[in-house]
Amino acid sequence: MAPSSHPLLLLALAVALLLPPSATADPDAVQDYCVPDAGARGRPLDPSLLPTYPCRNPTNLTASDFAFAGVRAAGNFSADTGFAGISVTPAQFPALHTLGVSFARADLSAAGGVNPPHYHPRATETALVLAGRVYAGFVDSGGRLFAKVLEKGEVMVFPKAMVHFQMNVGDEPATVYGTFNSENPGIVRIPATVFGSGIKDGVLERAFGLDPTELRRLEKRFGPPKTKLSEMED
């Protein structure tokens, strides 16, 4: 290596040493799997404490520990949207712990059932249509819409943190199976977050061009305000 390149090498090494751990990639797993031992704490599995649970002894595990039957049937349908969703993370299926994946089943009632616009802040999603015809899409950070009708057996990807949606455009109920590249993808539902979170009325009226009557109707539909964490009081 030429002497003139030494300062650049030293600079690169210094930057690498100073970067916080969060700036680097996740480390590879050092074991095949880690099914958390909930019994070690003497109470049901607490998702917020997952990293602190010891792994169960592999010799005590069976195939049943790596199988899950909780998405064989649809969840409870919303009367407003015709949507039923079941999310599966390590909290419901402990064998997913440390594997970096999770999944969900979404069912849409016939004649316009819709999974309202939402996004997952920590994961990219792939959505496979198991039954029906589904209009699905996402909007990128530049405001461009990517949407099309998906037939049974087709898959669409929703990039991480992009707002996306699905709507049944067929005559029969539709089912979508979603997978995520995160154990805890999170979900932010746009309508409920905007109109059901207790944001001050003046903000919403000005931002969306709503009058007080329209705003009351939307707030009533999307539920009572959550506990406010804002420093501003009404």
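Residue 1 is the first one shown; counting continues down the chain.
Cβ atoms here come from the backbone N, Cα and C positions, even for glycine.
What TrEMBL says about this protein:
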| type | residues | note |
| --- | --- | --- |
| BINDING | N115, H120, E125 | oxalate binding site |
| BINDING | H118, H120, E125, H164 | Mn(2+) binding site |
| DISULFID | C34-C55 | disulfide bond |
| DOMAIN | 69-216 | domain 'Cupin type-1' |
| SIGNAL | 1-25 | signal peptide |
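Each of the binding-site residues H118, H120, H164 was ranked by the number of other C-beta atoms within 10 Å, and first place falls to H120. Residue counts of the domain 'Cupin type-1' (69-216) by helix, strand and coil are 22 helix, 57 strand, 69 coil (DSSP-based). Of all the disulfide-bonded residues listed here (C34, C55), it is C55 whose C-beta has the fewest other C-beta atoms within 10 angstroms. Of C34, C55, N115, all annotated as recorded positions, the residue with the shortest Cα distance to H164 (Mn(2+) binding site) is N115. Sequence-distant contacts (6 or more apart, same chain, Cβ under 8 Å) of N115 (oxalate binding site) comprise T81, F83, G85, A106, L108, F165, Q166, M167, V176.
Each of A104, H118, Y119, A127, F158, H164, G178, F180, P185, I187 belongs to the same chain as N115, H120, E125, is absent from that list, and has a C-beta within 8 angstroms of the C-beta centroid marking the oxalate site. Other residues of the chain with a Cβ within 8 Å of the Cβ centroid of H118, H120, E125, H164, the Mn(2+) site, are Y119, A123, F138, F158, M162, V163, G178, P185, I187.
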